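Asker: Sharing a structure, written as structure tokens. Questions coming.
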Amino acid sequence: MDGDRVDIDGGVMEGGGQILRVATALSVLRGLPLRVRRIRAGRSQPGLRPQHLMGLEMIRDLCEGKLEGGEIGSTEITFTPGKIKGGTHLADTKTAGSVCLLMQVAMPCVLFAASPSELHLKGGTNAEMAPQIDYTLMVFKPIVEKFNFTFNCDIRKRGYYPQGGGEVVVQMSPVKELSPINLTERGTVTKIYGRAFVAGALPIKLAKDMAAAAVRCIRKEIRDLYINIQSVREPDDQAVGTGSGIIIVAETSTGCLLAGSSLGKRGKNSDKVGIEAAEMLLKNLKHGGAVDDSLQDQLIIFMALAKGVSKVKSGPVTLHTQTAIHFAEQLTK
């Protein structure tokens with residue numbers, strides 16, 4: 001710390017954009033000025049990408065703060081937060097940068113805003129290296145709302161790599177405090193359902209092939225459960241560009257939700273996409289945790305903010321989660 005400014009090394013541990021998201025959100029919530037150096041040093045293209053910059057600018061505007069070093073490629077920023085206000089805020093990556101990652105940095109902040117907020121997030125809804133918007137709605141939302149808040153998420157348009165163009169509107173009302181959660185009992189799997197989608201120039205047959213391959217793969221391990229994976233072609237007026245993918249969710253007797261997902265891309269066989277998602281789901285079911293590997297790190301910041309002790313049983317702790325814990329400890333003591 002220099003004076004009361006917190007100094008963060010963005011190149012340690014996971015070394016990616018998540019450090020920036022967790023640190024900035026906590027800086028806003030605790031009113032702590034922040035300097036982040038070596039931003040995304042662990043990535044092939046270090047420094048700020050459009051989605052990170054848009055996230056920072058949205059947070060700056062949310063709290064009437066000050067941001068220095070905010071340009072594409074920048075490896076160091078200083079950020080001075082102000083008071084969090086509600087209202088309407090826009091972030092547009094102008095690329096396929098993930099709207100879900102924009103949501104990750106903004107959501108903890110607007111939970112404690114002065115009034116209700118509406119976030120208009122533009123970019124990729126189903127992007128590589130980030131949760132798909134379907135995961136956010138089907139898994140993240142019902143679990144994170146156990147902290148005793150709710151949010152509404154409306155998918156106006158879906159957008160895919162490379163051009164993005166998706167738009168999601170998130171509405172949230174502030175809360176006084178978050179309740180702790182206890183997710184330690186996995187229970188037994190009671191149902192498996194999902195969504196295989198195509199958009200743009202791709203035929204519905206690809207979605208059906210993904211779904212069928214996923215079901216065949218799951219059937220080898222789980223024989224007695226009905227598996228309901230819908231095959232969907234996104235309406236042309238609600239999707240920009242061409243994309244495909246699948247998400248499969250297992251729901252348990254105790255209300256746990258664990259998922260596997262995969263995205264299609266040029267030259268990748270649709271069976272392979274379905275099998276990838278199914279294998280990811282089965283792997284998450286094998287470790288016996290109450291949350292899947294994609295959710296564990298997303299819960300840390302809410303656990304840190306909740307009043308009281310939260311407990312979550314996970315599978316092997318991912319590097320993303322270890323990183324989130326490290327920075328949550330550093331910034332919240």
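Using N, Cα and C of the backbone, Cβ positions are placed for all residues, glycine too.
Okay, so TrEMBL annotates it like this:
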- His320: active site, tele-AMP-histidine intermediate (ACT_SITE)
- Gln104: ATP binding site (BINDING)
- 13-332: domain 'RNA 3'-terminal phosphate cyclase' (DOMAIN)
- 184-285: domain 'RNA 3'-terminal phosphate cyclase insert' (DOMAIN)
Asker: Just to be sure I understand, if DSSP states are collapsed into helix, strand and coil, how many residues of the domain 'RNA 3'-terminal phosphate cyclase insert' (184-285) fall in each?
Answerer: 35 helix, 37 strand, 30 coil
Asker: Measuring Cα to Cα, how many Å separate Gln104 (ATP binding site) from the residue listed as 'active site, tele-AMP-histidine intermediate'?
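Answerer: Cα of Gln104 (ATP binding site) to Cα of the residue listed as 'active site, tele-AMP-histidine intermediate' measures 13 Å after rounding.
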Asker: Near the Cβ of Gln104 (ATP binding site), how many other Cβ atoms are there if near means within 10 Å?
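Answerer: Taking every protein chain into account, the count is 23.
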Asker: May I ask which residues of the same chain, at least 6 positions away in sequence, place their Cβ under 8 angstroms from the Cβ of the residue listed as 'active site, tele-AMP-histidine intermediate'?
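Answerer: Those within reach of the residue listed as 'active site, tele-AMP-histidine intermediate', by Cβ under 8 Å and sequence separation of 6 or more, are Glu14, Gln18, Gln296, Asp297.
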